[in-house]
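K.L.:
A single structure is presented below for examination.
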Amino acid sequence: MLLISRIGARHIRKKPLHVENHYRSFTKFDSFGNSPIPASKQRFVPTSGTYPKGFLVGSTNVGIKPDGLSQPDLILVASEKKWETCGAAVLTKNEFPAASVVVTRDLLKKSKGRGLRGVVANSWCANLLTGEKGLEDSRNMSREAGRIVSGEGTGQGEESVMVMHTGMGGQRLRIDNIIQGFPNLQQEMGTTHDHWIEAARGICTTDTFPKLASRTFTLPSSPETTFSIAGITKGAGMIHPNMATTLGIICTDAPITPPALQQLLSTAADKSYNCISIEGDTSTNDMVAMLANGAAAPNNAHFPVDFDSSAESQSEDFIAFQRMLIEFMADLAKLVVRDGEGATKFITIRVRGAPTYPAGKHIASVIARSVLFKTGVYGKDPNPIGVLAALGYSLMGTEFAGKGIINPESTSVSFMPVDGTDELNFVKKGRLVKVDEVRAKKLMEEEDVEVIVDLRDDGRKWREDDEEAVYWTCDITHEFVTINGDFGN
């Protein structure tokens with residue numbers, strides 16, 4: 001999350017707000033590194049994993065975080081020198097991008113992904129609105145990390161590392177601390193689960209738990225070969241992506257061409273990170289980067305995963321990897337929503353029956369930003385009228401307006417219980433229906449809430465291969481307001 005000091009807020013506060021200790025992480029600047037992971041979140045933190053070959057991960061504390069915090073605040077993820085590696089990234093579309101976004105965008109434009117071997121990131125300072133000096137700090141951070149990645153070399157190696165910042169805006173990076181900390185960071189590089197989990201901790205700000213996922217997969221062209229993918233991510237507030245909200249670093253040992261990697265990442269981001277929202281604010285620092293080194297490729301075969309932009313159909317490997325990557329990145333993105341500031345509910349919104357995926361996704365995103373709906377869910381009220389209200393205005397002023405996409409007489413709204421029983425209808429073809437209040441109450445007591453909006457309820461049973469737009473969000477609580485309003489003592 002990125003915060004800019006709000007001068008004067010403390011002068012109008014009559015009394016300090018109460019914030020539970022495990023949320024006093026970034027607003028109070030003094031406890032994230034010293035606070036335990038809340039019991040309700042511990043199940044989301046893996047105790048082991050399967051990590052891609054040929055990647056080294058390291059983290060260290062260089063003093064960007066306040067005194068007394070020992071958690072890492074500088075991390076580096078890099079492919080070993082012997083592997084031919086490429087990179088890709090999706091970046092925020094916010095008109096006030098942080099220096100890291102500008103520098104990484106320039107690297108991608110210059111390299112077209114070829115030769116990109118690593119990602120360096122820091123927490124606690126967003127390096128936002130810091131002018132040309134801030135840009136030079138980001139460039140220096142990238143160059144110094146590049147020297148480590150290339151084995152203290154020069155030239156291309158110095159322009160091989162993408163850079164990320166997260167934290168407070170309006171402050172200069174402690175670039176001297178960072179550069180002086182690189183030798184220790186290099187010594188801390190390794191391949192174990194502990195290395196990965198510490199790197200995930202190193203990019204946390206208001207997060208209450210580190211976010212890490214990994215899995216193995218195969219490709220149709222070499223079903224006997226097992227590939228791996230791993231990713232770390234962060235975020236708990238200022239979440240409504242348009243990349244491209246959050247930071248994410250993903251690595252795979254599958255062999256992929258640079259243009260294919262960028263296409264795969266962009267498509268997957270559109271159906272994962274770009275489908276989450278907490279409060280509807282798009283960050284200035286959003287970035288998800290991906291590296292592929294082919295280290296697990298059979299017989300040293302390089303780059304079998306490719307695509308032809310002019311082809312009507314892609315290769316089987318491309319299609320299989322795309323499907324896997326969408327699922328994997330969705331898992332990472334959902335961890336961000338699980339950690340939404342003050343959240344008590346994880347909400348899935350499914351929109352069915354839209355003529356196109358973009359139209360359905362837009363509708364789902366509007367519902368996900370509805371304060372009335374989200375506060376209603378916090379109060380354990382399904383609030384179907386709130387869903388319909390958001391649905392009704394969702395297309396106003398958009399390219400989808402006036403095309404008959406929403407027809408009240410064919411629109412139904414239901415909630416899907418987590419126990420696998422039949423969905424519970426609240427609206428049927430534009431009319432409220434009588435519901436089983438006992439069942440409805442039980443449904444809203446659950447942590448996970450799933451809403452289904454069917455724009456073309458024609459009685460046909462929904463099939464799994466039918467396309468739908470899915471969005472993930474959380475409730476808005478008293479705690480959320482308190483956390484973001486706590487600028488007192």
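Numbers run from 1 along the shown chain.
The backbone N, Cα and C atoms fix where each Cβ goes, and this holds for glycine too.
According to Swiss-Prot:
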ACT_SITE  T245  active site, nucleophile
BINDING   T205, K234, T245, E341, N484  substrate binding site
TRANSIT   1-11  transit peptide
K.L.:
Please report the three-state DSSP label of K234 (substrate binding site).
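P.N.:
In three-state terms, K234 (substrate binding site) counts as strand.
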K.L.:
I'd like the number of other C-beta atoms within 10 A of the C-beta of T205 (substrate binding site), please.
P.N.:
25
K.L.:
Looking at Cβ-Cβ distances, which residues of the chain lie under 8 angstroms from K234 (substrate binding site) while being 6 or more apart from it?
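P.N.:
Those within reach of K234 (substrate binding site), by Cβ under 8 Å and sequence separation of 6 or more, are S123, T166, A200, I203, C204, T205, D207, K211, T246, L247, G248, V336.
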K.L.:
Let me check the 10 A CB neighbour count of E341 (substrate binding site). How many other CB atoms are there?
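P.N.:
Taking every protein chain into account, the count is 28.
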